[in-house]
Amino acid sequence: MYDWLNALPKAELHLHLEGSLEPELLFALAERNKIALPWADVETLRGAYAFNNLQEFLDLYYQGADVLRTEQDFYDLTWAYLQRCKAQNVIHTEPFFDPQTHTDRGIAFEVVLNGISQALKDGREQLGISSGLILSFLRHLSEDEAQKTLDQALPFRDAFIAVGLDSSEMGHPPSKFQRVFDRARSEGFVAVAHAGEEGPPEYIWEALDLLKIKRIDHGVRAIEDERLMQRIIDEQIPLTVCPLSNTKLCVFDHMSQHNILDMLERGVKVTVNSDDPAYFGGYVTENFHALHTHLGMTEDQARRLAQNSLDARLV
């Protein structure tokens, strides 16, 4: 079944480039940039990938991202991910990147963007993988900081297809960012946002009504609100669900408890994605395979999930 799932044409719509930084590349970049790491070796770092919640993961994620310093680093990060896409027949990807993770530590916005954009261009030309880049604001920072990031992005408007919202969800509702999303949409950006991962269904309502998003990233807690579920079904609002991430971060205690197939059978346009694959134990095919192994996902369901991902593309 794994090989069949791997060969299925699919799109990935929820992937953080910084979260695809495999330990081997992390150590290589640290050596290239002469950065001392707190882990003795690759296996010690892998051993640290045991998280009880989103925040524990984010603490390690930001620490790991510190090795990314130059255009070449960001190119190598993105290119390594695109090679994974090619190997798993991901024919289209819409990755996120978090400029604030880098600008806050003194890396120029253009350095980050140039490296990523060149790799995506090469991915189109050499690997045949189409793509669109999503600029994501960090919700644990202020809206003023997000506004500054949007200012930095506007001279490169054509490099992005959308703006998003990620990082620590609890205590940082979508309403906190209404003004910057209003402004981004007025500049022609499509909006997406993480909502309903650890946060309550109310956060999904806010993301839809205040941020006017076209796609919900995660959204698994929507199932707790019947009226919200009906709206998502009626309006066919896509959900970019990340099963391995959800179990690794204890949103669900075990994959057998995941609700993605329940949502699929109710008519929700759910998709399968890897989120931060270097940290969560798998890329897109591994996520599909986990659904087959633990939830008995059928070939028909897998085809529908893959088709949903292709239908839910922004570009």
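Quick reminder: no glycine exception, Cβ is built from N, Cα and C everywhere.
Under the heading Zn(2+) binding site, Swiss-Prot lists His14, His16, His194, Asp275. According to DSSP, Asp275 (Zn(2+) binding site) is assigned to a strand segment. Just so you know, the Cβ of Asp275 (Zn(2+) binding site) picks up 30 other Cβ atoms within 10 Å once every protein chain is counted.
Close to Glu197 (active site, proton donor) in the fold, though at least 6 residues off in sequence, lie Leu54, Glu169, Asp217, His218, Gly219, Val220, Arg221, Asn246, Leu249, Val251, each with a CB less than 8 Å from its CB. Summarising the annotation, Swiss-Prot assigns active site, proton donor to Glu197 and lists sequence analysis as the type of evidence.
Annotation source Swiss-Prot lists site 'Important for catalytic activity' at His218, citing sequence analysis. In this structure, His218 (site 'Important for catalytic activity') is part of a beta strand by DSSP. Packing around His218 (site 'Important for catalytic activity') is summarised by its Cβ count: 27 other Cβ atoms lie within 10 angstroms of its Cβ, all protein chains included.
Residues annotated as substrate binding site in Swiss-Prot, with sequence analysis given as evidence: Asp276. The number of other Cβ atoms within 10 Å of the Cβ belonging to Asp276 (substrate binding site), over all protein chains shown, comes to 24.
Those same-chain residues not listed among His14, His16, His194, Asp275 yet with C-beta within 8 angstroms of the centroid of the Zn(2+) site C-beta atoms are Leu15, Gly19, Phe96, Asp166, Asp217, His218, Thr240, Cys242, Ser245, Asn273, Asp276. Non-local contacts of His194 (Zn(2+) binding site) by the CB criterion (under 8 A, 6+ apart in sequence, same chain) comprise Arg139, Gly164, Leu165, Asp166, Ser167, Glu169, Asp217, His218. Here His14 (Zn(2+) binding site) comes close to Phe96, Asp217, His218, Thr240, Val241, Cys242, Thr271, Asn273, Ser274, Asp275: these same-chain residues lie at least six apart in sequence, with C-beta atoms under 8 angstroms from its C-beta. For Asp276 (substrate binding site) paired with His16 (Zn(2+) binding site), the C-alpha to C-alpha distance reads 6 Å. DSSP classifies His194 (Zn(2+) binding site) as strand under the three-state reduction. A sphere of 10 angstroms centred on the C-beta of His16 (Zn(2+) binding site) encloses 28 other C-beta atoms.
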